[in-house]
Amino acid sequence: MASTTPITMEDLQKALEAQSRALRAGLAAGASQSRRPRPPRQRDSSTSGDDSGRDSGGPRRRRGNRGRGQRKDWSRAPPPPEERQESRSQTPAPKPSRAPPQQPQPPRMQTGRGGSAPRPELGPPTNPFQAAVARGLRPPLHDPDTEAPTEACVTSWLWSEGEGAVFYRVDLHFTNLGTPPLDEDGRWDPALMYNPCGPEPPAHVVRAYNQPAGDVRGVWGKGERTYAEQDFRVGGTRWHRLLRMPVRGLDGDTAPLPPHTTERIETRSARHPWRIRFGAPQAFLAGLLLAAVAVGTARAGLQPRADMAAPPMPPQPPRAHGQHYGHHHHQLPFLGHDGHHGGTLRVGQHHRNASDVLPGHWLQGGWGCYNLSDWHQGTHVCHTKHMDFWCVEHDRPPPATPTSLTTAANSTTAATPATAPPPCHAGLNDSCGGFLSGCGPMRLRHGADTRCGRLICGLSTTAQYPPTRFGCAMRWGLPPWELVVLTARPEDGWTCRGVPAHPGTRCPELVSPMGRATCSPASALWLATANALSLDHAFAAFVLLVPWVLIFMVCRRACRRRGAAAALTAVVLQGYNPPAYGEEAFTYLCTAPGCATQTPVPVRLAGVRFESKIVDGGCFAPWDLEATGACICEIPTDVSCEGLGAWVPTAPCARIWNGTQRACTFWAVNAYSSGGYAQLASYFNPGGSYYKQYHPTACEVEPAFGHSDAACWGFPTDTVMSVFALASYVQHPHKTVRVKFHTETRTVWQLSVAGVSCNVTTEHPFCNTPHGQLEVQVPPDPGDLVEYIMNYTGNQQSRWGLGSPNCHGPDWASPVCQRHSPDCSRLVGATPERPRLRLVDADDPLLRTAPGPGEVWVTPVIGSQARKCGLHIRAGPYGHATVEMPEWIHAHTTSDPWHPPGPLGLKFKTVRPVALPRALAPPRNVRVTGCYQCGTPALVEGLAPGGGNCHLTVNGEDVGAFPPGKFVTAALLNTPPPYQVSCGGESDRASARVIDPAAQSFTGVVYGTHTTAVSETRQTWAEWAAAHWWQLTLGAICALLLAGLLACCAKCLYYLRGAIAPR
């Protein structure tokens, strides 16, 4: 075996230099044989592969074409002529003779800007174009020395979520070479298409453009242009791009799409893009909407406003020869068909536009006269009760024979009275005669008018009113839409809130014996279609329709909900309610016995009956918190109920003293007396051990040196004051609770329909009467109930718990799950914890809050005389987890389980058309009697006005509907007085008498020395939220939906700004 010599670094360096010389010699030999050297290959690290292990002498192929049967690499130098000839025809051709060595020439290629440039071969790129070629430009299939006419400059888009609404526009050369090859991992390499022909994008945009991504979110096509949408991440940042795709393959056919999962973005797609795409139609509609709003604002600002008080002077009418009253000629009023009501008015054969001469109060239906002449004897146009009259003012009777009126143009005979009117008198109470109709005192046109009090006589003109027509008033396309009366026929009886409708009246809804009329975008569109030649109607329809179209587009593109189109159709098409003859009427009936309402027939609630199976559950006595105390201007010698008998009530003190887990505390204020056993402060160290040596007591003795002795005023500073407090949970002798279980409950509503009795339940909510069928919306039955019959201080009250208790679950400690004694002497549940007593000064900020659970606060009160002081005691909640207290009963029960939250809905079906009247005045003499925080219904009584049903509301809460006359009902009020009652839109204030909550609430009583207070039941925010969890949940959902819609719109505008001005 030959010996081996170790290789040193110097030997390795020599070997590498020798190999480099050999490679350069091979390159020079290849150049002498007219073979072009390979251009330098610069590819991104993310798309380049490993070239190790490849045969350096064999043909080199691109990584994207590796293993795909392609022997040619068109991304590098073009092949020799023989290979080009072989590619053009399958027949072999003889090889040409070797040419003499020459310098290789770079090929010419298209730049996309009408010229050509040499392709770089060796050395690093010197400009952005050379760098793009080095990154992977593929020349066309034909001769690279010629221009490629198919190459063009196209645009792709990129944007990043991390940079906000910043869009990047990438302009690049694109050759229609078909689908680009795939990499080894099956991904499409976009770097093969990257060859910018515009400004060079930033480096991070180029990196994102060349990032491989196999997920195609959608394929977009416009004309012959095709784009692929992708989203991916680069360095933790999410990017999106729209890449231009080739449209023709190698053989001229349509190029196939990348072999990945693709989808067409539409409403039926299960995958939704993250952004909203706006195109030209949306921008065009938005611009039209802004233009419409601007035009509408300009029209509203330029529209003239009429002065109702002093109308403009009319133009002078043409003279006409008429009857002679002395030496004067009359000027007849020429009333045309285009008056304020759109009717046809005629006086003789003369016509004139009355809207130019009639004053503004014509619209109100009141009296009004307008003089067309300045003479003492002249003609007037009078108006009253929505009728126009032709009147003549005169001082003496006219001739007995009529005179024909002859105009200048032709001779016609005007319509004149058959009988001359009798003379007029100055008295206002006189009349002009039987054949005269409607004329009366003149209304002053101006303040200086001297015709005050003169009687006007004349003849009634013929008035033919056209059919009633409606229009819609727009408010930028948003609800509510108002109905505008264009023409009104009085006999149709259209009213707005009980007031007759006139031309020009605007109202959300009109009511008549024929039915109801409302307005909606559908009606405006119908009017615009029917009046296609009217610019106003077309403009109104456009302004009403465009916002809904935009909302539909936003919802469809942003939310991608399948039901958006159906919901929009329902809103647009189902909001129109044309007037028609109704065959059914709907109203409400309050749920208190005695309530009545008026459908086509009167309906009255005679009573409510409750049916169930009852099982007795026994009786028990609940725990009750009781406290007492005393304020004394000296230290007592005996701190007990017997020793403090002069200051503390004996009976409560003994009951509390004998209770379990009592708390007894004695405080001494300024204990520096000149005599007795309280001379030193050391007597009052914690626990009061020294004090107990002289005064045996069961109370805890504590010093209170920081408190003021001002309660015992009028004494020197060494005055001593003591405070004594005692509290415990006791069995109240006058409070018992009896339990009854109700199963198979059913509520029976007893109704009287036009004198016919009828009972309705949830199983049978119909009443068949001779007048028609009445369907009642009966609330569901409450189900199983638990009744708590509470007796206290001679007053009995029942509370109802919904549902059966789960005695084997969380309700095991509830009163209904205990074994009760028949005599109500057993206390249920565990013994409560000991109350905590606390001495609080009168100016302590702590008094602004409520006592905590199980706490009792005592505060000295200055007396009205010297050495007289009182004590104010405040108690908090019970402060333990047991559920047998009255607080638990009130929190888990209700006073009326079968009382629904709202009135009963009544639907009366009849074959005759119906129209429900409506109250036109506020209710009178309404009185409210009750307690608004006791959980019991209050009594509401008063007088309902005439004119129809009175939907009574008390402080905004509907308490039922009543016919005209006296009504008495019960309502659960949650607000304190004053009470505002309304009916038919008219409101008034009711008188109220509030009952003390102490007499109605089932709560414990706190006893004091001079001041007796009631333990206040305060509701915390958590308790209020627990009681209104459904409303809060619904409100939160609505708020989230609204916030999402606003955020979506904001996002649309944000990214739309970036798309309009890309970088």
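Here, residue 1 is simply the first one shown, and the rest follow in order.
Every residue gets a Cβ built from N, Cα and C, even glycine.
Annotation comment: Swiss-Prot describes 59-69 as compositional bias 'Basic residues'.
Residues or ranges marked as compositional bias 'Pro residues' in Swiss-Prot: 93-107.
Summarising the annotation, Swiss-Prot assigns disulfide bond to Cys153-Cys197 (among others).
Among the features that Swiss-Prot reports, disulfide bond is placed at Cys590-Cys595 (among others), with the record citing similarity to another entry. For Cys595 (disulfide bond), other Cβ atoms within 10 Å of its Cβ number 25.
Under the heading disulfide bond, Swiss-Prot lists Cys619-Cys824 (among others). Contacts of Cys824 (disulfide bond) defined by a Cβ separation under 8 A and a same-chain sequence distance of 6+ are given as Cys619, Phe620, Ala621, Thr736, Val737, Arg738, in order along the sequence.
Counting only residues at least six positions away in the same chain, the Cβ atoms of Val648, Thr650, Cys653, Ala654, Trp657, Leu726 sit under 8 Å from the Cβ of Cys641 (disulfide bond). In the three-state DSSP classification, Cys641 (disulfide bond) falls within coil. Annotation comment: Swiss-Prot describes Cys641-Cys653 (among others) as disulfide bond.
Neighbours of Cys712 (disulfide bond), defined as other CB atoms within 10 A of its CB across all chains, total 24. The disulfide bond annotation in Swiss-Prot covers Cys699-Cys712 (among others).
Per Swiss-Prot, disulfide bond is recorded for Cys758-Cys767 (among others). In three-state terms derived from DSSP, Cys758 (disulfide bond) belongs to an extended strand segment.
Summarising the annotation, Swiss-Prot assigns disulfide bond to Cys807-Cys817 (among others) and lists similarity to another entry as the type of evidence.
Look at Swiss-Prot and you will find Cys931-Cys934 (among others) tagged as disulfide bond, backed by similarity to another entry. When secondary structure is read from DSSP and collapsed to three states, Cys931 (disulfide bond) falls in the coil class. There are 18 other CB atoms within 10 A of the CB of Cys931 (disulfide bond), with all protein chains counted.
Under the DSSP three-state reduction, Cys950 (disulfide bond) is assigned to strand. Per Swiss-Prot, disulfide bond is recorded for Cys950-Cys983 (among others).
Look at Swiss-Prot and you will find Asn353 (among others) tagged as N-linked glycosylation site, backed by sequence analysis.
Positions annotated as N-linked glycosylation site by Swiss-Prot: Asn371 (among others).
Swiss-Prot lists Asn410 (among others) with the feature N-linked glycosylation site, giving sequence analysis as the kind of evidence.
The N-linked glycosylation site annotation in Swiss-Prot covers Asn429 (among others).
Residues or ranges marked as N-linked glycosylation site by Swiss-Prot on the basis of experimental evidence: Asn658 (among others). DSSP assigns Asn658 (N-linked glycosylation site) to coil, not to a helix or a strand.
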Worksheet item: Can you check what DSSP calls Asn791 (N-linked glycosylation site), collapsed to helix, strand or coil?
Response: strand
Worksheet entry | Cα proximity to Cys767 (disulfide bond), best match among recorded positions Cys590, Cys699, Cys712, Asn759, Cys931 | Asn759
Practice prompt. For Cys983 (disulfide bond) and Asn759 (N-linked glycosylation site), determine the Cα separation and express it in whole Å.
Written response: 29
Fill in: DSSP three-state assignment (helix, strand or coil) for Cys653 (disulfide bond)
helix
Worksheet item: What is the average pLDDT across the region 'Human C1QBP/SF2P32-binding' (30-69)?
Response: 43
Worksheet item: Under 8 Å Cβ-Cβ from Cys758 (disulfide bond), six or more apart in the same chain: what's there?
Response: Gln750, Leu751, Ser752, Cys767, Thr769, Leu774
Response to the item:
For Asn658 (N-linked glycosylation site), the nonlocal same-chain Cβ neighbours (under 8 Å, six or more residues apart) come out as Val730
Item to complete: Round to the nearest Å and give the CA-to-CA distance linking Asn759 (N-linked glycosylation site) with Cys931 (disulfide bond).
Response: 32
Discussion item. Looking at the recorded positions listed here (Cys590, Cys595, Asn791, Cys931), whose Cα lies nearest to that of Cys699 (disulfide bond)?
Written reply: Asn791
Response to the item:
CA pair Cys712 (disulfide bond) / Cys595 (disulfide bond), Å rounded to integer, equals 60
Item to complete: Could you work out which of the glycosylation sites (Asn759, Asn791) has its C-beta surrounded by the smallest number of other C-beta atoms within 10 A?
Response: Asn759
